[in-house]
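Below is one structure; the comments refer to it alone.
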Amino acid sequence: MAAAAFVPIPTDTYKLGFIGAGKMAESIARGVVKSGVLPASRIRTAHLGSARREAFESFGVKVLDRNDQVVKDSDVIIFSVKPQIVKEVVLQLRPLLSEKQLLVSIVAGVKLKELEDWAGHSRFIRVMPNTPAAVGEAASVMSLGATATGEDGELITKLFGAIGKIWKADEKLFDAVTGLSGSGPAYIFLAIEALADGGVAAGLPRELALGLASQTVLGAASMVARGGKHPGQLKDDVASAGGTTIAGIHELEKGGFRGTLMNAVVSATKRSQEIFKR
């Protein structure tokens, strides 16, 4: 069926369903509700465990008993299950999936072509968020399936914009996205820990050192994201001649700081290609 024949998702009234009620699904749902993009009454998921049910019910999301109930009651369906079971889950639900519904996957490593084949149609969008979704600061990337419309993409941009920032990219770049934004938070956690350890080594109390390190990283990232200046220019602005900052930068350069970070991204990208190669 051609994309032009698809029924548009009713943006003012559509219902959002999550197949999989894990932490990422919870983060997305919380962000969507908190931002006012959707009221909790228009979001649903399914789970039998009391802890997961309570997590979603605590902010008003309807929790059903079975995934088929979610599908029947949703216009936009986000698959947020583990990669090992996504094929089984999609195939089980396939008889209920309609081309009137927009399907979304946040499952790592599973390609659009596979998802489309399992679902029986290609109104699918693949999204890769990362763990800072939990605090509303995700870096997400999406790729549209063969018959997902521009309007579908706008709807998903608005949804995932509620938990951070989202970009559109060709799916062939998703391994590199994994290497940078998927694994990147761990690199920054290491950097924060190392900065704090340096502060302790220089005589600061541990709690103060960790607070200063984390806030410094947060502030520096905000300057890059919001200020419009290239990070190299921002670095030059703070590194005055013969001063403390350029002395510290010199040590980082001697240790191969930039090259090491670049290598980390490339290495994680290659590992993603190995893990998810089919």
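From the backbone N, Cα and C atoms, a Cβ is placed for every residue, glycine too.
Since this is a predicted model, take the numbers as computed values, not measurements.
Sequence annotations record features per position, and here TrEMBL assigns NADP(+) binding site to Ile19, Gly20, Ala21, Gly22, Lys23, Met24. Residues or ranges marked as NADPH binding site in TrEMBL: Asn67. Taken from TrEMBL, the feature domain 'Pyrroline-5-carboxylate reductase catalytic N-terminal' applies to 15-109. Among the features that TrEMBL reports, domain 'Pyrroline-5-carboxylate reductase dimerisation' is placed at 171-274.
Here the features listed in TrEMBL are painted onto the structure.
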residue	record	contacts (Cβ under 8 Å, 6+ apart)
Ile19	NADP(+) binding site	Thr45, Ala46, Asn67, Val70, Val71, Ile77, Ile78, Phe79, Ser80, Val81, Val89, Leu93
Gly20	NADP(+) binding site	Thr45, Phe79, Ser80, Val81, Lys82, Val89
Ala21	NADP(+) binding site	Thr45, Ala46, His47, Arg52, Arg53, Ala55, Phe56, Val63, Ser80
Gly22	NADP(+) binding site	Arg52, Ser80, Val81
Lys23	NADP(+) binding site	Ala134
Met24	NADP(+) binding site	Ser80, Ile106, Pro129, Ala133
Just to be sure I understand the packing, how many Cβ atoms besides its own are within 10 Å of the Cβ of Asn67 (NADPH binding site)?
23
